[in-house]
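Look at TrEMBL and you will find 39-56, 140-160, 180-198, 264-284, 304-324 tagged as transmembrane segment. Positions annotated as domain 'Homeobox' by TrEMBL: 67-128. Look at TrEMBL and you will find 69-129 tagged as DNA-binding region. The domain 'TLC' annotation in TrEMBL covers 131-332. The region 'Disordered' annotation in TrEMBL covers 350-387. Taken from TrEMBL, the feature compositional bias 'Acidic residues' applies to 355-365.
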Amino acid sequence: MFQTLYSYFWWERLWLPANLTWADLEDRDGRVYAKASDLYVTIPLAFLFLVVRHLFETYVATPLAGLLNVKEKIRLKAAPNAVLEKFYAATTKHPKQADVEMLSKKSGLSVRQVERWFRRRRNQDRPSLLKKFREASWRFTFYLIAFIAGMAVIVDKPWFYDLREVWKGYPIQSILPSQYWYYMIELSFYWSLLFSIASDVKRKDFKEQIIHHVATIILISFSWFANYVRAGTLIMALHDSSDYLLESAKMFNYAGWRNTCNNIFIVFAAVFIVTRLVILPFWIMHCTVVYPLDLYPAFFGYYFFNFMMGVLQMLHVFWAYLIIRMAQKFITGKAREGPAGWCWVVVEDERSDREETDNSEEEDEVVKNGPLSNGHPVLNNNHRKND
C-alpha cells in the first residue's frame, strides 16, 4: 500500500509538464539537477540552526543588549494564591466579570484585587524584553546575510533582468552549487522557525505565522524537486529584502533608540509594500502564471505552485494592512510613546500582545478617595484609568 501511495505521489503527470519524466532530470554529462532526496539534509541542518541560534543569543545577542542598554521593565509579581492560580491555569487567563466576583468570594479578596492579580499574573507570563531583543537580533542577522547571499546568487544571472529567462529550457535546467546551498540554508532556517515557534515570543498573528512557515516550506520544497529553482531564488531574495529591516527596527525599539527605529520603520514599510504588493504579484507571479503556458499546457504542479503563491500573497495583504494601520497612526500623531521614548511601531505593534499597565498605588488611592460603581472606581479629573 505504501509503495502504491508513493508511486501515485511521484507520478510525473502531477509535477512535470507533458512528455517529460523524472529520467529527464537525472544527472548526466556533468550537469546536476535538483532532486527531492536533496531535501533530507535540511532537517538535521534545522536542528543545527537551533544550536547556532542558542549560541548566538547567548554569546552575541545578550552582550549586545548590554551594550545598547536594553533595560527590563520592573514587573510587580502576583502574590501566591492557590484559588486564583488554579483558575488561571485550568480555566482562563482572562476571567469575565461574573468569574471575578465568584473568585473574590472564594479567595477573600476584593474584586479590584482579583482583577489586579490576574493582570500581574498575565504580565509575568509575557516574554522579557531581553528575550524579544535576542530573537530579533538572531532573525536580523540571518535575514541580512541571506539577502546578501541571495543577491550574490542571482544578480549575475540573465533571469534576474529578463523574467522570460526563468523558463528558458525548463525543466532541463541544471543546478549550480550556489543555488543548492542557498535553497538548503533557506529551507533549513524555516524548518527551525517552525520547530521553535511554540517557545518564541507569541504574537496575535500566531496562526498566520504558522501558515506562512508551512506555506514557505512547501513552496521551497516543491520548487526544488520540480525544478522551479530560478523562480524560487527570486522569490526568496525578494522576501528577505524587507525582513531584516523589520527585525532591526525591533532591536532599536527595545534599545530605546526612538528616531532610529522610526526611520527604519518608514523604510521597512516602503520596501515591504513595493516588494510584496507590487513586484511579487505584478512581476514574479505574472512570470509564474503567464510565461510557463507559452511552453507547456497547464499541469497539476503549475496550479499547485501558483496556489501556494496565492496563499503567501494573501498573508502579505494581511500584514500590509497591519503595517498601513500602524503607519497611519504614526503619521497622524495618534501613536503612543512607550517607556523611555520607545518608537511606536513596535511598542504598539498591531501583531503584539501589549503588556498591561499596573499602577496599583494610583488605583488604591482612587479606591480610597472615590466611590465604586459596578466594581470599578469612579475616576475624577485628577486620575486617569490605565487598565
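Cβ coordinates are placed from backbone N, Cα and C, and glycine is handled just like the others.
All TrEMBL annotations are machine predictions without curation.
For the domain 'TLC' (131-332), the predicted model reports an average pLDDT of 91. Here the transmembrane segment (39-56) has Cβ contacts under 8 Å with residues 137-138, 141, 184-185, 187-189, 191-192, 195-196, 221, 224-225 of the same chain, all six or more residues outside its ends. Counting Cβ pairs under 8 Å to the transmembrane segment (140-160), the top-ranked stretch among 180-198, 264-284, 304-324 is 180-198. Beyond the ends of the transmembrane segment (180-198), by six or more residues, the same chain brings 34, 38-39, 41-43, 45-50, 53, 142, 146, 149-150, 153, 206, 209-210, 213-214, 216-217, 220-221, 224, 229, 232-233, 236 to within a C-beta distance below 8 angstroms of the stretch.
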